Each structure stands twice: as structure tokens, then as C-alpha cells.
Amino acid sequence: MDADKQNANPTILSLSDLPSRRRESNVRRRDDGGTGLFDDLIPQYSYLNDPFEQPLSSSDSDDGSVEDIDEQEVFDLISSISDPEHPLSLGSLAVVNLPDIHILPPSSPYSSISTVVVEITPTITHCSLATVIGLGVRVRLEQALPPRFRVDVRIKKGTHSTDEAVNKQLGDKERVAAALENGTLMGVLRKMLSTCE
């Protein structure tokens, strides 16, 4: 089975060696077995609560402030994406690395849109799945990040034999939209993203 893989013996990093804020001890467990990761995203309505329950303090209320998203959080979102060729994550294969993630501030004082730039490093210089991996990273970030972020996924310069052509494909909105309408490709992307936390 390994004979049909382009890089049958990639370098693998231990998950414990990857930079992350996600640790098992930080995850709250609910009585029903869930983690409650998205509990804070659901608005609390007072008419649904117990009238004898204590009201939330002013520090717990949503004051309309924007939560900062940093490079580590972006890395945590994409490092668990599985490689389409190997049963390993992009983080453990060092395809995505924390130093290769940048968040650029808005280009205009009248704009609130920041840009997330992710440079991916294919495991081999002639990887035919580099475009698929870049597309998977782009889809994951567009689904997970708020709309105030633009996503720019690129192949790191000098790490792929056709990095300019792949970057052109990943940067072309029409090509990306057409690729996302391809059922076979969407199946591959769903499989890649199924391992995301």
C-alpha cells in the first residue's frame, strides 16, 4: 500500500511537541459527557432561565468587544486537519507550522477586515496534493473564523517545484469556488476535516 504514496516515509512530529493551547485539563466536562466548547457561543435569554438564579455579573456579559484571534489559535484550528495521503495530521507532518502563520491588520483605518496568511510546507517538493491540502486549510479557516478575516493560503516559497502555479490556484476565488462544487474533491476535503476538533 505504501508503494502508491509519493512520500511513503515522511518525518512525523509527536503531537505533544506541537505548540498548542488545547490541553485535556483545560476542557470542561458536562454531566451529559459533552465538553461545552460551544456553550459560550449560544446566547442566554433571561426568559428561559430560572427566575431564582443569580444574574450574570457585568464582566460575563457580552459588551460587544471583539475577541482577539492570534496565530496560535489559527494553528490550533488547522494543525488537526488530516493529510489526504497519510493517516496523520498536518501539524504532525510539519505541513503547517506556527512561525508560518501571520495575521495582518486591516490595510485601511476604515476597514475592520484582517488577513490571515498561512504558508504551508509540503512534505516533498513534487507533492501532487499540495493544492488539495491548501484548499483544505482554506476551507477550515473560512468555516471557523469570523467574517472579519480574509484567508490567504500559500505554498511556502522554495518548498514546492510549482509553488507559483499552486499559489495562483489557491488565490483565485473562481477556481476555489469551482473546486468546491466538485463532489469528489469535496469528499476528500470532508475526510480531511473530519479530524478537526
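Using the three backbone atoms N, Cα and C, a Cβ is placed for every residue, glycine included.
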Quick one: sort out which of 1-42, 43-84 is the region 'Disordered' according to TrEMBL.
1-42
When the pLDDT values for the domain 'MIP18 family-like' (71-153) are averaged, what is the result?
92
